Amino acid sequence: MVAVIIKGNEVAEKKRAQLKEKVVKLKEQGIVPGLAVILVGEDPASRSYVKGKEKGCEQVGIYSELIELPETITEERLLVEIDRLNGDDRINGILVQLPLPKHIEEKAIIERISPEKDVDGFHPISVGRMMTGQDTFLPCTPHGILELVKETNLDISGKHVVVIGRSNIVGKPVGQLFLNENATVTYCHSKTRNIKELSKLADILIVAVGRPKMVTADYIKEGAVVIDVGVNRLETGKLCGDVDFDNVLDVAGYITPVPKGVGPMTITMLLHNTVESAKRAGVVCQ
């Protein structure tokens, strides 16, 4: 058996085309979806991510506004900027690019964003709604992972999902999303004693730990869906995931590559949330 490769870039393009059609219809009603991105400092990786978000907005017709602030900005001044955007009817989504400088408390910044504009899905109210199965903005990477698994046409209900990783951004929320789909979910992390044995029980294995090629064929149940969230740069400069792709390819049923796997879906789900926020707000732009 050779695994089917789930091409996240192709799935993302298909979904962006659908979003573009939705944006056209909203604009016919006088509604223009708007996303504000706050970038603090000059971190090259953060700037690269922001450019990807701007490009995505342009692709589907979303108005985007980039607010660039110096690394020396105070937490109080940043909170004032968020308050301004909370009150701006042109803006349906607010995203603060993380990480922030050490003197700024990320928790305080995230909690200041209006839940109605929390298109990253990080606000505690958004998280609580997700946990209880209510309609809310889902966190972008976990939502993208769920959509990729749905592309396999696998019936998620009753399946065993194993998540390796417990970050607040990916690991914890992605398990909850699959629980909401009636899967049975097992979390593994650095203190789990028998990760390999547990992984081998997974119908769907999601790996998000930041360790290059950690997961090999002996972690994989034959025919399993393997979702690799990791992005690691080797000494050669080549990107690789947390899964040893070539080693696992002959055991898995489906697998995402790195790059062009989960990554393109993250920004696409951000665009999805921004469009949904605009629909809910229904504010006609003058």
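Residue positions begin at 1 at the first shown residue.
Every residue gets a Cβ built from N, Cα and C, even glycine.
Listed in Swiss-Prot:
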- G165, R166, S167, S190, V231: NADP(+) binding site (BINDING)
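Taking the features listed in Swiss-Prot, we show where each one sits on the structure.
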residue	record	Cβ neighbours (10 Å)
G165	NADP(+) binding site	23
R166	NADP(+) binding site	17
S167	NADP(+) binding site	15
S190	NADP(+) binding site	10
V231	NADP(+) binding site	17
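Per the record's binding annotation for NADP(+), residues G165, R166, S167, S190, V231 show a top Cα-Cα distance of 18 Å. Secondary structure at S190 (NADP(+) binding site), as computed by DSSP, is coil.
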